[in-house]
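Here's the structure we're looking at; comments come further down.
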Amino acid sequence: MDIIIGPFSDAESVGTGMFGGIYEIPQISYGATSSELDNKELYPFLARTIVTDYTKAQALCAFWKSSNYRFGAILYSDDHYGRSFQKAITTVCGANVTFSKHAFKTAITEKEIDQKVSDVAEKKMNIVLAIFKDFRAFPAILAAAFKHNILGAGTQWILTEESILQDIYPIESFSEIRKALNGSFVVSSVGGTSYNDNFRSFVSAWDTFDFGDAEGAVRSVSSELDITKSFFQAFDADSRAISEMGAYEYDAVMTAGLQVCSLYPEDPIPPSKIFAEQFISKLEDLSFDGLTGNLQFESTGNRREETGSFQLFNILSPSSDPTQKPTTSPSNPPTQEPTLEIPTVHPTMNPTLEGGAEQTSPTSPPSPIRPIPVRDGFAIGLIATFSSLTRDFEYDCAECTKPLYTGGVEEMPLAINPPEEDLNSSKAIKNICVALFALTALVAVFFLLWTFFYRRHPVIRSSQANFLNMISLGAIISSTTILPLTVDDADGPLAGLDGENTKANIACNAALWLYCLGFMTTLTPLFAKMYRIRLIYTSTDKSEKFIKKISDMWLLGLIMKFIVLDLVFLVIWMVQGPFKYIRVPVAHDKYGFVTASSGRCVSEFSGVGIVLIGGYHLVILLFGSVMSYKYRNFNAAMCEAKYVSIALISNLQVLILAVPILNVVSNDPGTEMFVRCGVIALNDISVQLVVFLPKLYYHYKGVPIEVTSFSNTPSGMSSMPSQSVTPSQQAASSLQASEDPGSAAPSLPNQI
C-alpha cells in the first residue's frame, strides 16, 4: 500500500491517520475537516483536499456579522468533528459573538438530550448552530428542540453538514418537525459547482464517459454490472454525493497521481518513510484546477483556505408551499431524486437593528423557472456563495434564491429575545400627579369664580379683583406644568440617548415654559403689592400725584416687565439648547441587554439657563421676603400685606426644601416625578389659600376697622365704603411712618 485515499468521516480519518503515521503511508482525505487532525505528531502524513473547519468557521462568522447577530447557541457533538468546529467558531468569531455551548456525547439518552435542550431554551437564544456529522442522536435533538419551542418560527437553525438530514426524512412521526425545520440554513463546503468549468464539463460528459480497459476489470468482479448504465446514465448531477463527496474524492485521486508523477516521473516509488515525507512536504509546490476549483496546499498537507468553496443553502420542505410541487421530465426520470421548480431572485441582505435583518425587494426581475434538487426529503435552495476575496457571502449570484427562515417565515429572527425593560414609568404615580393638578386647578377655578361673583364686595374691591385673578390664573398655568411632567416615552418610541421621541421632547420644553410663566404670573402680583407698600411706607411724598403714580395700571406694567424679562430668558434658552427627553440605561443583564432605564429631560444650556432663570426667580423671592419681613406689622384688615408676606415666604421655603429633596431622589424617576408635581401643587395651593381664605372669612364674618381713616381715595385705586365695614372692638394702633420704629405713621389710602 503506497497511498490511502479517504476516508470521508473525521472519526474514521483519526484511525487511518494514526495508522498511516505508524506505517509511514501518506493519506489524502476528501471529507475529514476536523482541525484536530492538524496535529502532526499524531497524523504526520495526512493531507486533505477539503478545507478545515477553521475555514468554514470564518465563513459562518462572516454570515453572523452581516446579519448583526451577537448571540447564539452552539449544539455540537462531543467528538473530533464537533469539538474541533466548536473551538474554531468560538475562536474566529471571538468577542464579537457571545455563544452558549452545549455538547452532546455519542452515547446519550433521550432524557439527557431533553435536559440539555431544555437548558438551551432557558438561555432564550434564537440562533442555533448545529455542529453534527454522522450523529445518530440528531433526530432526538430536533424532537426535543421542537418540544421546547426552540425549533420553528422565531428561531434560526444553521447546520454545518447537510448530510445530517438523511436520518430525518424516513421518520414518519417527524412530519411536523420537518415543517418546523423548513427555512433553516446549511453552510456546505461545495466542491462541484455549476460555475466551475471543469466540474460542468465533467458532469456534462458523464453519461458518454468511456471506461476503456477498466470496464473489463470491473466485469471480472461482477458479470451483471453494466458500468456505463449503472454509473454514467442514471445519475443526478445535483446529487450531494457528486458535488460534495465525489468531486473532493476525485481531486484526492488527482492529487495523489499528480504528486507521484511530479516527484518520480520515471523512477520507482522509494521506501515508505522517504516517500511519505517527500509526498507531504512537497505538496505546497503542487497546484492544479480540479473539480472543486483550484487546489493548493500548505506545508502541513492542508488545502489552502483561500481555495475553499462555501455556499449558504436554504433547507426547504417540498410541502411548505403548495404551489411548489415535485416535477419529473424525460431528462429527469422518476428513478432520480425529484426537483422543485421555483423562480430565481437576487436578494440583498440588509442588516438593520441589533439581533436581526430584513430582506429588501429583489434587485433584479425573476429569471426563468429552474429546478431545485430535492435531497433527503428537503429541497436545497442556494442563498449565497462565499467569496475568498471579500471574505463574505455574496447574495447576488445567478442561481441565488430569496431565503426563508426557520419555520418557513420571511422575517429574520432576533438573535435573542431581549428582556422586558423596566422603564421606571409608574402609571399610578402619573395618576396621582394628574389628581394633584386637578385639585390645584379646581381650587384656582373656585377662587376665580368666587372673585367674579363677589367682585363688587368691599373685600374684593379693596384687594383689587384683577390682581386676585392673576394669582389664580398663575396657579392654573403653574399647575398645568404637572401634565407635561407625566409625559414620557413609555408608549413608544423609546427616546434612547439621542432623544428620539418628539412628544416627550415637546413635553420637556412645555413644562419649562408653563412653570416659569405660572410662577411669574402668581408671584409678581404678590411682589408688586409688597413693593407698593414699601413705596408708600418709605416715601415722604403723600400727595395725590404720588398716589396716582403707583396706581393699579402702574403695578400691572411692573408685573408685565417682570414677565417679559422671564420670557427673554426662556427664548435664549430655547435658541441655545432646548430640552430633549433621553432614556439612560441603568441596569443590564449578562448579555448586555438593558433591563432597566430612566428617562429625563436634558439640555446643553441647562447650566446657564438654571443660573439665569433660577437666579432671577430667587432674587424676586428673596427681595419680596425681605420686604415682607420689614413691613410685617402693616395693618392687614383692609389689605393683604400680612398674607402676601406669608405667601412669598412660603414660596421661598418650598423652593429651598425642594432642591435637596429632588437631588436625593434623582435616581428614582417615579419618586422624582411625584416630588416635582407635589412641590408645584403645594406651592400653588398654599399661595391661593393664604391669599383667599382671609377674604372668605372677612366676606362672611365682616371686616374689623383697623385702618386709619383717610380723607380721600385717589383715582386709580380701589376704595371701601365705610358702611360696609364691621367695626372691631379696638382701633388699630398707628402705623410707623418709616423703617425706624420711632417714626410717625404716614397717611395711607384705604386699599393697598
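The first residue you see is number 1, and the count goes up from there.
The backbone N, Cα and C atoms fix where each Cβ goes, glycine too.
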With TrEMBL as the source, identify the stretch among 246-267, 378-399, 466-487 annotated transmembrane segment.
466-487
Sort out the residues at least 6 away from either end of the transmembrane segment (434-454), same chain, that have Cβ-Cβ distances under 8 Å to it, and list them.
460, 465, 468-469, 472-473, 475-476, 479-480, 482-483, 486, 677-678, 680-681, 684-685, 688-689, 692, 696, 699
By Cβ distance under 8 Å, which residues at least 6 away from the ends of the transmembrane segment (605-629) in the same chain are close to it?
516, 519-520, 523-524, 526-527, 530-531, 533-534, 562, 565-566, 569-570, 572-573, 576-577, 579, 641, 644-646, 648-649, 651-652, 655
Any idea what the model's mean pLDDT is for the domain 'G-protein coupled receptors family 3 profile' (507-697)?
81
